Amino acid sequence: MNKVTVLGAGSWGTSLAIVLAENGHDCLLWSHREDQANEINNQHTNAKYLPSVELSKVLKSTHVLADAVAHADVIVMAVPTKGIRETCQKMMETLDRKMLFVHVSKGIEPDSLLRISEIMREELDEAFIEDIVVLSGPSHAEEVVLQHPTTVAAACENLASAERVQDLFMNQYFRVYTNQDVIGVEMGGALKNVIALAAGVTDGLGFGDNAKAALITRGLAEMSRLGVKMGAQPLTFAGLTGMGDLIVTCTSVHSRNWRAGNMLGKGMTLQEVLDQMGMVVEGVRTTKAAHQLAEKYDVTMPIASALYEVLFDEQNASDGVGKLMQRMKKHEMAGLFE
Ligand SMILES: NC(=O)C1=CN([C@@H]2O[C@H](COP(=O)(O)OP(=O)(O)OC[C@H]3O[C@@H](n4cnc5c(N)ncnc54)[C@H](OP(=O)(O)O)[C@@H]3O)[C@@H](O)[C@H]2O)C=CC1
Ligand SMILES: O=C(CO)COP(=O)(O)O
């Protein structure tokens, strides 16, 4: 049994806390809201983020970060990308020993262009970091709580740390593979949200499966082009955290990114969409970051660029699709192989 704290009581943090508690670990879930921590402890529900789910009674919650940190040998970071830096800064006020950190968030910080593990290393004192392991893959919270078969990867350069996280989470419905390509796994998880937003847009515009298949495969090509330039292994993008997560996010009504894109395609403004979602849509900020990364690394990312114009430059979504289709003719493998 391990003592594990999950930071962030949204849909993913809560689902993973359930997995950990069911696996027999002493799991504490931190919410930054006192009323939500009380609801989890007293009603055993998290109505906003996992409606109609009865949480395990052994799962405890706190809103006091110092207590959450004091509890743990392992800390799982499950706050949205925009909250990672601030949560690490608050943790630094209370951390007093080395910990194994796991992060499960899928984003890139605009402007700094840092991946999550890089933000964590910037904010947390190296003396307190045993290792940082990324847990990522095709895994909607709504299906994990129903114990539907799910596969993910635990990635860390140090294989022993990845294997420790594999052992923490793995059970009969949650299968964890190890991987040592941290850049590839983080970039796949973040960039698939951009493509899923675009897939939602084409569905919202009324296009069909051909357009969806085009976005998934050409999306994978531009994700791989950028990731490889940043140091990722090309094959990682063909795995769970690349193609696997693209499929699940681009084709599922559970995906917040797909749903947000769908509303955009139907004509709503970005602000109207975000107001209606009430949950994190990571792909919006990551589209900005991807646009900046494409410039920095001189990589062609037509889908991310078209989406950037729709989100931030008032480009009409239908015209955006037209522009993508009328790009100069190309070799299918351009930019992937010499
Ligand atoms: N949902 C899923 O199926 C999966 C999600 N992920 C990733 O997990 C991460 C978290 O997503 P998810 O749980 O779905 O998001 P949700 O929108 O469901 O929940 C986000 C949670 O984080 C809290 N929060 C927001 N900002 C902060 C902050 N600054 N400090 C502390 N807590 C904060 C929110 O609180 P409040 O209510 O106050 O806003 C809420 O409890 C994302 O990066 C996502 O891509 C990965 C795999 C699957
Ligand atoms: O990452 C996810 C599934 O693997 C969740 O995707 P959304 O954030 O789009 O819901």
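Yeah, the Cβs are placed from backbone N, Cα and C, and that goes for glycine too.
The domain 'Glycerol-3-phosphate dehydrogenase NAD-dependent N-terminal' annotation in TrEMBL covers 3-160. If you take every residue in the domain 'Glycerol-3-phosphate dehydrogenase NAD-dependent N-terminal' (3-160) and average the pLDDT, you get 97.
The NADPH binding site annotation in TrEMBL covers SER11, TRP12, HIS32, ARG33, TYR49, LYS106, ALA141, ARG256, VAL280, GLU282. Summarising the environment of HIS32 (NADPH binding site), the number of other Cβ atoms within 10 Å of its Cβ, over all protein chains shown, is 16. In the three-state DSSP reading, HIS32 (NADPH binding site) counts as coil.
Secondary structure from DSSP puts SER255 (sn-glycerol 3-phosphate binding site) in coil. Sequence-distant contacts (6 or more apart, same chain, Cβ under 8 Å) of SER255 (sn-glycerol 3-phosphate binding site) comprise HIS140, ALA196, GLY200, VAL248, THR249. Taken from TrEMBL, the feature sn-glycerol 3-phosphate binding site applies to LYS106, GLY137, SER139, LYS192, ASP245, SER255, ARG256, ASN257.
Under the heading domain 'Glycerol-3-phosphate dehydrogenase NAD-dependent C-terminal', TrEMBL lists 181-319.
The Cβ of LYS192 (sn-glycerol 3-phosphate binding site) has 34 neighbouring Cβ atoms from other residues within 10 Å, across all protein chains displayed. The annotation active site, proton acceptor is assigned in TrEMBL to LYS192.
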Can you tell me the CA-to-CA distance separating LYS106 (sn-glycerol 3-phosphate binding site) and ALA141 (NADPH binding site), as a whole number of Å?
14
From GLY137, SER139, LYS192, ASP245, ASN257: binding-site residues whose CA lies within 10 A of VAL280 (NADPH binding site):
ASN257
Which one is closest to TYR49 (NADPH binding site) in space, judged by CA to CA distance, out of the binding-site residues GLY137, SER139, ASP245, ARG256, ASN257?
ARG256
Helix, strand and coil totals (DSSP H, G, I; E, B; other) for the domain 'Glycerol-3-phosphate dehydrogenase NAD-dependent C-terminal' (181-319):
109 helix, 0 strand, 30 coil
Protein Cβ atoms within 10 Å of GLY137 (sn-glycerol 3-phosphate binding site), excluding its own:
26
